[in-house]
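Taken from Swiss-Prot, the feature signal peptide applies to 1-41. According to Swiss-Prot, the motif 'CXXC motif' annotation covers 42-45, 155-158. The N-linked glycosylation site annotation in Swiss-Prot covers 258, and the record cites sequence analysis as its basis. The annotation transmembrane segment is assigned in Swiss-Prot to 311-331 on the grounds of sequence analysis.
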């Protein structure tokens, strides 16, 4: 048997090589387009495709080649604004500035007094100065918290981002003697919104943890301060304070309370008696009733013959004598009138 070996000529290999080069070139071009769009994206974040196209049409007409050249010049003029990060609260103001820039370029195109590349360069320089004078966002303050005031808008991808910090703060250890006072302050170093701030307190006894599943609510605590007085061993454990803005958590603080100190000495018998007297419920007070002695009690009880009682006895005797005299006189008068 004879074996045949097929040999490929350079002409047959050339199409496959050319196809590979074309594929690599397409991929490189795609990466360049993506990189370019992400590099000068401030222009793309605050203007629309239709707005940019309209500007170039007013400058160069509707010929596609000239429009592509104009668009490249417009995008290239904003190269200095690559990777810009601005205060998120200034985003609306910057959008208005880009809108005003677009209107200004359209007016320049209508007057046809300067070439488009010069107009684009001047517009980009003005916007760069505007961005540099925007109010800066405060820096992130570690170690924790959802810090809205530090939110930044990234032109590189037209998105906003918060500080890369956890919501949970580190546990603060507190060593308090038995019988003393424990004071917890739910305060963070970063700026909080001015309104709709609430505080929620939770507690888990006996452990040092940040696992929220173990905690139970403390309905009696609502403000940013919490106090325990006097501290007892049952208060040992982890206290958690959640700062909320419109029911959205901004930070969770943890306080581990370690109660130390010996138990109080046993009370003496005198201290026990004194505490019982102090805690005893007062009895009903006795009402003093006035005493009005009778005539027999005045005569039989020598202690009752006070000055007032003697006067009362004399008055009674005089009244009795006068009554008897009057009765005798009335009787004699009746008797004599009958005779």
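Glycine is treated like the rest: Cβ placed from N, Cα and C.
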Message: Can you give me the same-chain residues 6 or more apart in sequence from the residue listed as 'N-linked glycosylation site' with a CB-CB distance under 8 Å?
response: 173, 174, 175, 176, 236
- request: Sort the residues of the motif 'CXXC motif' (42-45) into helix, strand and coil with DSSP and give the three counts.
  value: 4 helix, 0 strand, 0 coil
Composition by DSSP (helix, strand, coil) of residues within the motif 'CXXC motif' (155-158): 0 helix, 0 strand, 4 coil
